[in-house]
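What follows is a single structure, written as structure tokens, with notes after it.
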Amino acid sequence: MHLDQQTIAVVMMVFFSSTLIIAAGLVFALRASEAGRLWAFGHVLVSAAGLALGICVASGTGQLGMFGALAFVVGWLLIYHGVRVYYGVPAHSAALVGAGLIVLVLMATTSGTPDGAQLVLRSVYGVLALVSLATLATLARAGRGRRSIGAPLVLVASLVQLATQLAGFSHAMHLPVAGATAGAAAVPLTLFFAGPAGSAWVLAPLIATLLGLFGFTVMAMEQIIAHNESGARMDALTGLLNRGALEMSALSLVARWQRDGQPLACLVIDIDYFKQVNDSFGHHAGDAVLREVAHALDNSRRASDVAGRYGGEEFCVLCPHTDEHQASALANRVLRKVRAIELPAGHGHASVSIGVAQLRGGTGSKEALWRTLFADADRALYHAKAHGRDRYVLASSMAAPLASASPAPLLEPEPDLAR
């Protein structure tokens, strides 16, 4: 199928006017996502470039087409940069800037020369093909194992874009110099044709742009939604799970315990004399101590352990596949790390008291079992506080009726906390 130039011009101008408006709106709609902003800005440039090139096709002038070609390259470079930001891989900013500068220098130095349009055409196709290939490589490597609705659309868009640019580069390599000197209008024309003027290949980059715009928007929205859900689960002050998320995780772990019978331990941790820190140094100092203790706790736990702030100065850690005595190793690590935290104004060092319990055999709902496990660890915590603080106590050591009469601490305190 072959299309005349005026039909091509109308299709390009209508299409890219529409995507320009959509992309401009997405700049604001996706502002919560850094990658989303880059993708939106990139599509603004790509759409503006397509519109400019469409005008060139309609008018037969090529001056605007040179700037359109540059904007097209810069737009896709921004989109590629957004892909790397999205997956948290190094951005290679120097390489991106260098690619754009190559095209700019070629435009500046070859403008008006007999083969200038042809050189620009080849460089534009070459850079765009490399960008598409790099985007595909990043999606395949960094996106492995991630579930996304938008990523497959972006993958298809990049494949279409790569095929179009490779075909266009091959076509440009076979253009005679005389054909390139017929006018700079050859640049905007062939930038969207992987074959002779009038070819239906004009649809390929339009399809790639539309699929990419939709796919990248979906990916950005998925990221924003995931971030909001994560924020709803996290305690804003400490960065650990909040109580609601902690209890949801606890119920899930208890349900797993009911299925496979693997041990499950719980640590309940309370900062010693925290009220005195607040009263003496203010709530800002208290918040700083909370953050430091949370950081020590987070750095002490294993990757499989679940840590959260239960409320106030109280924390909780759930340790799957761990019995009470194995969990005491974590309690020891927490005690040591917290003792290294200096209190404000040189008033000694922080300390915590810890109760450790293991989920024992029993029947009932997972909610009831979780309440029992937490209550056992909480009683052990208060036993530790009642007998000197800065230590941990195992709930099993309190099983006998008279156990509470004996301090039986498993770790003696160090005298570096001012009491």
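Placed from the backbone N, Cα and C atoms, the Cβ positions cover glycine too.
What TrEMBL says about a protein is an automatic prediction, not a curated fact.
What you see is a predicted model, and the numbers here were worked out from it, not measured in a lab.
Copied over from TrEMBL, here are the features:
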type	residues	note
TRANSMEM	7-32	transmembrane segment
TRANSMEM	38-57	transmembrane segment
TRANSMEM	64-83	transmembrane segment
TRANSMEM	89-107	transmembrane segment
TRANSMEM	119-143	transmembrane segment
TRANSMEM	149-168	transmembrane segment
TRANSMEM	175-194	transmembrane segment
TRANSMEM	200-221	transmembrane segment
DOMAIN	262-397	domain 'GGDEF'
Tally of DSSP helical, extended and coil residues in the domain 'GGDEF' (262-397): 69 helix, 33 strand, 34 coil
Cβ pairs under 8 Å between the transmembrane segment (119-143) and the transmembrane segment (7-32), at least three: no
Other parts of the chain folded back onto the transmembrane segment (149-168), taken as Cβ under 8 Å at six or more residues beyond its ends: 76, 83, 125-126, 128-129, 132-133, 135-136, 139-140, 143, 190-191, 193-195, 201, 204-205, 207-209, 211-212, 214-222
Contacting positions for the transmembrane segment (200-221) when only residues 6+ beyond its ends and CB under 8 Å are counted: 1-3, 8, 11-12, 15-16, 19, 22-23, 26, 30, 33, 35-36, 39-40, 43, 46-47, 50, 79, 82, 86, 148-158, 160-161, 163-164, 167, 192-194
Taken over the domain 'GGDEF' (262-397), the model's mean pLDDT: 91
